[in-house]
Amino acid sequence: AKTFDQLTPEESKERLGKIVSKIDEDKDGFVTVEELKDWIKFAQKRWIYEDVERQWKGHDLNEDGLISWEEYKNATYGYILDDPDPDDGFNYKQMMVRDERRFKMADKDGDLTATKEEFTAFLHPEEYDYMKDIVVQETMEDIDKNGDGFIDLEEYIGDMYSHDGDTDEPEWVKTEREQFVEFRDKNRDGKMDKEETKDWILPSDYDHAEAEARHLVYESDQNKDGKLTKEEIVDKYDLFVGSQATDFGEALVRHDE
């Protein structure tokens, strides 16, 4: 973000223009929703693989091309295990138990050693079908404050909004309350169970990249022909810089773009 702040709007627009030619896969001078969707998916995946590469270097201590749970645990929690009572009072033990559970879930063959693919599933479980249950479980554990195995309305709101003595709730919080009653709590029992939580955080009928692509086209398409020219995109460069299409501006400051 710092680097991006140092670019002038002119430089940003020039760099965005270069990225547009990459998004326009068939080189017909127009960017369609489909092309934009493919690009957003590519940008998301690239970020994930780069994250995995970075973390891999710090955890594959014996450089054998695998990461065992022991290696990960020592690299991540080694210093805490030596000092079971850290000054910051944070419960790392709990975090380690949670990590171990997720590691074992990602480790398909159960040998307590992760290949690069399994390590990717461990770090980014939302990208893998076989990891979805653990994403739901962890989300529920975070939000379910009274530990009854469900998310009730107050827990749902409490996860995104804190009253802090305010008596008046903002409008968006009221909307979220309605969302909970109308759409989240499908069986109308006042709380979200595991299935309802899964529909909320990992909806099967919702494609984030497509929704983002449609939004960008809708907002930028000045002549309403359903596709974008480079000019239309550059005109709305502030919208694109805040979007997944440029990895929120990150792509504009990278040399390989």
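Glycine residues also receive a Cβ, built from the backbone N, Cα and C atoms like all the rest.
It should be emphasised that the depicted structure is a prediction, and the values quoted were computed from it without experimental measurement.
Per TrEMBL, the features are:
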- 11-46: domain 'EF-hand' (DOMAIN)
- 47-82: domain 'EF-hand' (DOMAIN)
- 94-129: domain 'EF-hand' (DOMAIN)
- 131-166: domain 'EF-hand' (DOMAIN)
- 208-243: domain 'EF-hand' (DOMAIN)
Summary of DSSP states over the domain 'EF-hand' (208-243), given as helix, strand and coil counts: 24 helix, 1 strand, 11 coil
The domain 'EF-hand' (47-82), counted residue by residue under DSSP: helix, strand, coil: 27 helix, 2 strand, 7 coil
Per-state residue totals over the domain 'EF-hand' (11-46) - DSSP helix, strand, coil: 27 helix, 1 strand, 8 coil
